[in-house]
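Annotated in Swiss-Prot:
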- 1-18: signal peptide (SIGNAL)
- 19-140: domain 'C-type lysozyme' (DOMAIN)
- Cys24-Cys139: disulfide bond (DISULFID)
- Cys45-Cys129: disulfide bond (DISULFID)
- Glu50: active site (ACT_SITE)
- Asp68: active site (ACT_SITE)
- Cys80-Cys96: disulfide bond (DISULFID)
- Cys92-Cys110: disulfide bond (DISULFID)
Amino acid sequence: MKAFIVLVALALAAPALGRTMDRCSLAREMSNLGVPRDQLARWACIAEHESSYRTGVVGPENYNGSNDYGIFQINDYYWCAPPSGRFSYNECGLSCNALLTDDITHSVRCAQKVLSQQGWSAWSTWHYCSGWLPSIDDCF
């Protein structure tokens, strides 16, 4: 009986943990949100290396006490308000929890803002994406 209760609790908690996307589902959703097609492979590469395409990831604490959130691992010191209430510049004007949901709209909009202000090198994993990029041609 205890095992059954644990399984039910895990099943109910699973949706709150986000979802795992793949290169094509990410590319299609970002395209539907208006992201230019010539950027989609770069975003797929970043998502692969930052979160393994998982929307519900909160990264380990950084050297300054901040954390990174969501599929693009957006930093809470600069871009979103952390749940702890700790100071944040909150440039995207949203709660970091909004970056952890199945709906990637907030993550995409905030990531686009990061890109426009800091460029691709804002992501520490960008060096993995500066040469070879995953193909998205078969996604459409």
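Keep in mind that glycine also has a Cβ here, set from the backbone N, Cα and C atoms.
Just so it is clear, the model here is predicted, and its values are computed rather than measured.
Everything Swiss-Prot records as a feature, shown here on the structure.
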residue: Cys24; record: disulfide bond; DSSP (3 states): helix
residue: Cys45; record: disulfide bond; DSSP (3 states): helix
residue: Glu50; record: active site; DSSP (3 states): helix
residue: Asp68; record: active site; DSSP (3 states): strand
residue: Cys80; record: disulfide bond; DSSP (3 states): coil
residue: Cys92; record: disulfide bond; DSSP (3 states): coil
residue: Cys110; record: disulfide bond; DSSP (3 states): helix
residue: Cys129; record: disulfide bond; DSSP (3 states): coil
residue: Cys139; record: disulfide bond; DSSP (3 states): helix
Handout entry: Cα-proximity to Cys110 (disulfide bond), 10 Å cut-off, over disulfide-bonded residues Cys24, Cys80, Cys129
Key = Cys80
Practice task
Determine, using Cα-Cα distances only, which of these disulfide-bonded residues is closest to Cys80 (disulfide bond): Cys45, Cys92, Cys129, Cys139.
Solution key: Cys92
Practice task
For the domain 'C-type lysozyme' (19-140), provide the mean pLDDT of the predicted model.
Solution key: 97
Exercise for the section: Taking Cα atoms as reference points, rank the disulfide-bonded residues Cys92, Cys96, Cys139 by distance from Asp68 (active site) and give the first. Expected result: Cys96
Exercise for the section: Name the one residue among Cys24, Glu50, Cys92, Cys139 whose Cα is closest in three-dimensional space to that of Cys129 (disulfide bond); these are the recorded positions. Expected result: Glu50
Fill in the blank from the handout: Across every protein chain in view, the count of C-beta atoms other than its own within 10 A of the C-beta of Cys110 (disulfide bond) is 23
Exercise for the section: Between Cys45 (disulfide bond) and Cys139 (disulfide bond), find the distance joining the two CA atoms and give it rounded to the nearest Å. Expected result: 14
Handout entry: Asp68 (active site) CB neighbourhood, other CB atoms within 10 A
Key = 24
Practice task
For Cys96 (disulfide bond), identify the closest of the recorded positions Cys24, Glu50, Cys139, judging by Cα separation.
Solution key: Glu50
Handout entry: Sequence-distant neighbours of Glu50 (active site) in its chain (C-beta under 8 A, six or more apart)
Key = Val57, Asp68, Ile71, Phe72, Gln73, Trp123, Thr125
Practice task
Return the single residue from the disulfide-bonded residues list (Cys45, Cys80, Cys96, Cys139) that has the minimum number of other CB atoms within 10 Å.
Solution key: Cys139
Handout entry: Cys92 (disulfide bond), number of other Cβ atoms within 10 Å
Key = 23
